[in-house]
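K.L.:
So TrEMBL lists these for the protein:
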REGION    A:1-20  region 'Disordered'
COMPBIAS  A:1-14  compositional bias 'Low complexity'
TRANSMEM  A:47-67  transmembrane segment
TRANSMEM  A:79-98  transmembrane segment
TRANSMEM  A:118-138  transmembrane segment
TRANSMEM  A:145-164  transmembrane segment
TRANSMEM  A:201-218  transmembrane segment
TRANSMEM  A:239-258  transmembrane segment
TRANSMEM  A:264-281  transmembrane segment
TRANSMEM  A:313-332  transmembrane segment
TRANSMEM  A:352-380  transmembrane segment
Amino acid sequence: MTNPTPTQTPTGPTGESQAVGGNINPADNKFTKWLSHVLGDLGKNGIFIALIVVVVLFAILTDGILLRPQNISNLIVQNGYILVLAIGMVMVIIAGHIDLSVGSVAAFVGACSGVFAVQWGLPWWLSIILSLAIGALVGVWQGFWIAYVGIPAFIVTLAGMLIFRGLALAVLGNANIGSFPTEYRALGNGFVSNVFGEFELDPLTLGVGALAIIALIVQQVRTRRGRTKYGQEVEPMTWFVTKLVLVSVAIGFFAYALASYKGIPITLIVLAVLVLVYGVVMNRTVFGRHIYAIGGNRHAAELSGIKTRRVDFWLFVNMGVLAALAGLIFTARLNLAGPKAGDGFELEAISAAFIGGAAVQGGVGTIGGAIIGGLIIGVLNNGMSIMGIGIEWQQAVKGLVLLLAVAFDVYNKRRSGGR
Amino acid sequence: MTTNILEMRGITKTFPGVKALANVNLEVKRGEVHAICGENGAGKSTLMKVLSGVYPFGTYDGDIVFENEVVEFKDLTDSEAKGIVIIHQELALSPYLSIAENIFLNNEQKGRGGLIDWNKTNFEASKLLARVGLRENPTTKIMDIGVGKQQLVEIAKALSKEVKLLILDEPTAALNDEDSDHLLDLILHLKGQGITSIIISHKLNEIKKVADSVTVIRDGKTIETIAKSDVTEDRIIKDMVGRDLEHRYPDHTPHLGDELLRVEDWTAHHPQDSTRVVVDGVNLNVRAGEIVGIAGLMGAGRTEFAMSLFGHSYGSRISGKVFLRGKEIRTRTVSEAIENGIAYATEDRKTYGLNLIEDIKRNISMASLKKLENFGLVHDNEEYKVATEFKQSMNIKAPNVLVKTGKLSGGNQQKVVLSKWIYSDPDVLILDEPTRGIDVGAKYEIYTIINRLAADGKGIIVISSELPELLGICDRVYALSEGRITGELPIEEATPEAMLKLMTMEKPR
């Protein structure tokens with residue numbers, strides 16, 4: 001440890017002279033403080049509100065079909081691969097890059113997994129491991145060009161988009177590979193339930209839901225305690241509790257819906273693990289912090305001893321693995337590795353990240369935001385499909401939502417940016 | 001008919017929560033050079049933005065009277081049409097365009113059929129260049145000329161707009177003494193041609209040199225306007241800070257220990273042109289508790305030396321040896337340099353020093369996250385605690401450490417940069433222009449911090465283009481010229497004259 005407090009405080013001859021910090025209002029009573037917290041949180045969680053609005057809107061427009069247990073379950077399974085991609089994509093975007101190749105990579109890896117699992121008849125688990133390894137290799141390839149040769153990610157991954165689409169077609173030989181082993185397919189449309197026998201509501205699912213709520217509350221309370229202990233300001237108790245209750249109810253409803261259908265989708269389990277792990281990586285590990293530092297100011301990060309090339313490289317390896325995983329989930333779900341797989345995935349993943357609050361310039365964004373962004377796109381897709389809106393209008397609406405979301409973000413920042 | 005070309009009466013400008021200007025009055029006489037002084041955040045730039053229409057009419061209270069008529073500017077184009085041109089601190093030139101193209105940007109010299117007449121463009125440009133005394137081909141690209149010359153191009157651009165009132169915002173902040181002198185002479189020369197200038201500056205000696213009158217602004221209010229005959233540095237400083245400033249540099253009694261850092265025969269070449277020597281066989285040493293200065297004119301290779309030493313962050317074909325406490329160390333990468341006890345705080349904190357969209361806490365921890373790591377996770381409460389301790393010990397003025405560094409004033413930003421490096425616990429700190437763009441009061445605080453670090457037994461290298469500053473705070477000073485150390489003087493012998501002689505010493509050819 002260093003000693004950051006060399007005794008006395010320096011006081012220049014001018015004393016107070018600086019401009020900053022001038023707009024703290026000394027006369028804030030308890031209520032205005034509470035209100036400012038709520039409003040501040042709404043601003044920060046605007047994306048979350050947007051999701052709720054979209055859900056409520058489509059729940060009404062579809063006469064409640066959207067919120068039926070089966071549909072909720074479908075929402076997760078249908079969008080799983082986009083959400084997996086969105087996790088990797090938001091990390092890439094935070095570091096100030098972009099990845100246009102993920103759709104092609106997903107198709108390529110899906111095709112390879114078809115060769116492994118179907119044509120060669122390898123065991124399902126070995127096929128999955130090999131496929132993820134291929135994703136990693138793709139990442140190594142792209143990461144090499146981006147990090148060590150210094151070619152912009154846009155170019156490298158644009159090339160990758162063509163290269164891996166081409167390779168996917170070559171591997172498939174212009175045909176579909178189909179009929180995967182059951183265990184493999186479970187990745188895309190398997191469920192965990194009924195371990196305690198047949199019930200109206202699956203007890204396992206409900207139990208997991210309850211555990212999730214408890215874990216959330218424990219974690220939040222511990223964070224709050226830790227902050228208080230270290231003398232940090234925390235949000236008012238009432239607002240803290242309100243938020244916890246709201247989120248708990250949402251989780252409860254979600255668990256109830258899944259329990260009354262087929263149980264927990266395996267895709268959801270994969271996703272939950274990814275969100276937890278990557279959430280911790282981005283917030284609490286040195287690697288994650290370095291990603292934010294690089295995105296915020298690459299030069300400053302470099303001059304602070306951060307090995308920017310290494311971080312860039314591993315980011316793309318990571319993206320490659322996640323793209324492979326998305327490809328596997330998609331292939332498993334369709335039970336088919338086809339040449340058109342993964343078409344446009346990159347755009348949905350990028351949209352998810354930006355709707356979720358990531359900044360084009362880098363440095364800003366969260367895993368949670370990207371997931372919510374992906375869910376918004378998912379609900380839009382799903383809701384409009386239920387309503388029987390054609391694909392052409394779905395596309396247009398999604399484009400508009402992306403534009404508005406980012407415009408809202410820009411407006412918000414300008415407003416709070418001060419002078 | 002008054003002799004005033006400009007009067008700003010009762011200007012009040014408020015931002016949400018902050019009153020930036022409160023009833024400011026400013027009178028500028030026709031044909032004079034009028035200086036505006038004030039600390040950072042005093043409201044100088046805001047006042048100029050009001051004047052030039054960046055903050056349009058209606059967003060402020062008060063009147064602007066230009067050439068005896070009340071004017072209401074909606075934007076920059078409006079004010080330029082009247083002959084008011086502002087040249088900002090950050091130059092607004094496009095690096096990939098030529099000098100001539102930049103001069104006539106948005107004012108293109110058109111020939112027949114509305115197409116740009118390049119011959120005319122370049123001819124007119126060369127006439128303007130002659131007026132500002134810049135001998136360059138108008139087709140040269142901006143990126144190929146130095147900052148000093150770029151400043152002259154900006155002025156040529158202003159002249160092309162038939163300027164009556166020229167506003168220069170800290171024009172010499174990035175210039176060396178020679179270029180500064182040239183620029184100041186030019187301002188006086190233009191005055192002879194009847195062009196009125198307003199010059200915003202921190203540098204009191206240059207204000208004394210060119211200004212006919214000085215208006216001091218403090219906390220968004222006009223303090224007074226002083227006529228040339230009454231201008232003294234002490235009076236201006238007193239007005240700026242609101243009280244007497246007896247010592248500009250804190251007292252410092254060195255307690256020198258053993259030799260800490262020794263650099264032998266350090267040589268670096270230009271990153272693009274690896275035949276060009278930029279740092280040429282530099283030898284220097286720093287003892288524990290010693291503050292060592294490196295003086296040199298712009299282009300002498302000061303920053304290049306420091307950055308090449310710090311993880312080979314600059315240059316190509318770098319050679320030389322570095323010793324810490326007599327043991328040779330490697331500094332080939334930044335992380336290696338940091339691990340071996342060297343820290344470098346950059347001269348350009350916004351571009352190279354800070355992550356402006358991130359908060360104070362994360363900026364301070366940026367170079368030392370490993371220290372906060374616990375079972376692979378960053379201990380963020382500890383991080384908060386450390387940052388808060390720095391906020392107190394360094395007197396960083398902000399409500400808390402969660403404020404984004406982009407919202408801090410220059411002095412406080414610099415304190416965050418210093419905190420970052422102090423937290424990395426180095427043996428030797430290289431501080432490149434530690435007080436650039438910082439107001440007088442904050443400068444004093446930075447000097448105090450430097451003294452404190454020296455007292456703690458660190459070795460400090462200070463690089464500065466302000467000679468008085470080096471002479472005020474250092475124990476020993478090296479002079480650098482054309483990449484070579486041309487001399488080394490203990491502080492008792494380092495007079496400005498002696499230093500300047502060394503700093504301008506040319507290589508024997």
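Note that Cβ sites are derived from N, Cα and C of the backbone, with glycine treated the same way.
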K.L.:
Are there residues at least six beyond either end of the transmembrane segment (A:239-258) with Cβ under 8 Å to its Cβ atoms? List them, or say none.
P.N.:
34, 37-38, 41, 67-69, 72-73, 201-202, 205-206, 208-210, 212-213, 216-217, 220, 224, 264-265, 268
K.L.:
Please determine whether the transmembrane segment (A:47-67) and the transmembrane segment (A:145-164) are in contact (criterion: at least three Cβ-Cβ distances under 8 Å, sequence separation 6 or more).
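P.N.:
Answer no: the transmembrane segment (A:47-67) and the transmembrane segment (A:145-164) share fewer than 3 Cβ pairs below 8 Å.
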K.L.:
Which stretch from A:79-98, A:145-164, A:201-218, A:313-332 shares the most C-beta pairs under 8 Å with the transmembrane segment (A:352-380)?
P.N.:
A:79-98
K.L.:
So which of A:145-164, A:201-218, A:264-281, A:313-332 is most in touch with the transmembrane segment (A:79-98), counting Cβ pairs under 8 Å?
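P.N.:
If we count Cβ pairs closer than 8 Å to the transmembrane segment (A:79-98), A:313-332 scores highest.
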